[in-house]
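According to Swiss-Prot, the feature Zn(2+) binding site maps to 595, 599, 700, 704.
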């Protein structure tokens, strides 16, 4: 498009287009969900329409369209670092509730993309669900290039998010060109689903056929529905042709306001620099985070949310405190930040007029939070300076500062990133500038005083992260809830060896807002018992579930003092009453096997692969085992098989296990491995040491098998890179989980392998790379190797299919071309039926380059649509002063058509075939040629 569309114009074009297709516009709803406990925030365009799709409410129309404001915070750390991550964004959508389905949805999609937004079909790529041939054919029919359409499996093209309608989907991608393809990989990026900034998904169209109850139980919908989503910010980025979403008009003018008050400037060219300056990267991140987070907070407060220590309030507090940190670094005062707020509201008030009405409330709320932030920073730096006056700061000091005194974790992460990259003078200075930008004291802090082992800090922080991620609603509570922090000493104990308790006394009750109560009736709550059999999430092991009396226990975490807090659904309790508890024995038994297997796998990695392997973290649940470790290369399949074999060998020994209580020195003397030594040193009593076998002795507080034979079976199921030198290995144990994996995942992999060769045989093409895998003994190789081979075969077969299609197309094109060129007249009319449009076009291109003095008028009727093409050789048209657009206008007027094109080739559609009128056109051309 000649003029770049603004974000507001793009939104209006979308809504106006669908209103022209008889859709009713639904206003953008509040970010705070109404009557939907499954969501903390509205996080998608369809989230506010779920009751319409389920049939619980009648929609205002069967066809709906909207631009829904959304908020997601699951990857907040990526904001400002990647091109497209946001906390706040708008999702454009069109919806059909029991009205149109695939055909119309794809027709609308093609028309909007190709004709309204005028995106070049050559730059559009499509994915469809592998079993959805109808969508594939519809895209081809509506102008998509066949070779640009990729069939994908369920993981990529089956849409579901939480509870509600779901089904197969088709996605539209846009190719932004080589300047966004730094490695020059081309289409490989799209076809192999490699993360990139070149091929960007802009629209997802979901064919809703099922309802997910939130527990992956699917039922057929009584009526077929369509729901779609297109990110407004992404569309703006593409239509405005800028490097990132943060370079679109909605961000640029806010950035200018920040620059007005800061001594730092945003670097517009940084994206394209191959070697990025660390200070520029940090400065750009500051700008983007401030704008993104402020926008999210402005909308959320205007919708009724307020900062606090829990749930939505905690999210707002975190977003604001991150913003304040980066404002400090850019030296922008709170007073000047008011203009940032005003500008964001001005950008959005046309479509969201309610923002202007809430301006004063927003500013006052943010000011209160800023005052609390300053108080927190003052307290944390006071403690930091006390520590620095006594000694150098180590990892445990820093951990305590963050978790107890509220020192910003973002500062720690920035220091870690800079100081582990390179300790050159520039990075050291930047690190000092960052920490001192929020330092309220005139006395500057020197980086030389911070002797921090960041790896050790990460280990200390692992458990904190695990609990926070396990229950996002209590993340803020664990750090800041005074009621829990100030719990009195309680006589409460956990017994590893029992699976039920009788007559346990209720010591404490908290309601769902973490307020202590004496009694609770039929409400979600947290309780502490004097004795419990429920294991609490700790050390990477998932908590037990079960029942207290008749009430479900769905989570168990530890209080800051170590008491087990049981989350109970709709419980009825009062302090002092006696209750019975029973864990889910099946799940506990599985987790025992999983945890013991993780120890054996770790030991086997060190012995089979290398003693230099260093564990970074682990997680054990009833579904899988994950173990993160550092190593300088990827494991070979032979090594993975060796690890499996070694773990199975120890299982087969049926070695009795032991739990020993030892001091730290005693544990180390017997060869026990431990990863939290700084924590263990603070424990005055004895430590729990698990002895599985001579090869595996670890300090551990988890639940384990009593005999290695109890594990039954073991299998490695995954190996992925987490970054340079960091790996994650996944596994399962027990007959139950291994058999489940074999019957579901491995069986499918074997079926896929066989199907690829079946397809290869059908193609009747010989390929050396495919032939190489033909004799693979899939029973003797590891599943992960089979998975890799399948990926190679999948890509290779797809390439061969495209090659075959091109060969067939070329052959058919030549056959039709020959029919065209047999004619020796200067003009000729051809009436055809059911010829593929692309095939016809290719044939005519060949024909006009062979029969260089002939004008062709071709009529082709396909599925009731009458297509015309009028063309000749380009030089012939030019030499004879022919402009076929003039004849196309005449043809359109007489036969109810529309179309046009270049001077030597025009195409379009007509409503009827009238040979007399068509020949008149050719007669006119003939007359001009004489």
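Each residue, glycine too, has its Cβ placed from N, Cα and C.
Other residues of the chain with a Cβ within 8 Å of the Cβ centroid of 595, 599, 700, 704, the Zn(2+) site, are 596, 598, 690, 692, 698, 702, 703. Counting only same-chain residues six or more apart in sequence, the Cβ atoms lying under 8 angstroms from the Cβ of residue 704 (Zn(2+) binding site) belong to 592, 595, 596, 599, 657, 659, 690, 692.
All protein chains shown were included, and the count of other CB atoms within 10 Å of the CB of residue 599 (Zn(2+) binding site) stands at 26. Around the Cβ of residue 700 (Zn(2+) binding site), the same chain contributes 539, 595, 599, 688, 689, 690, each under 8 angstroms and 6 or more positions distant in sequence.
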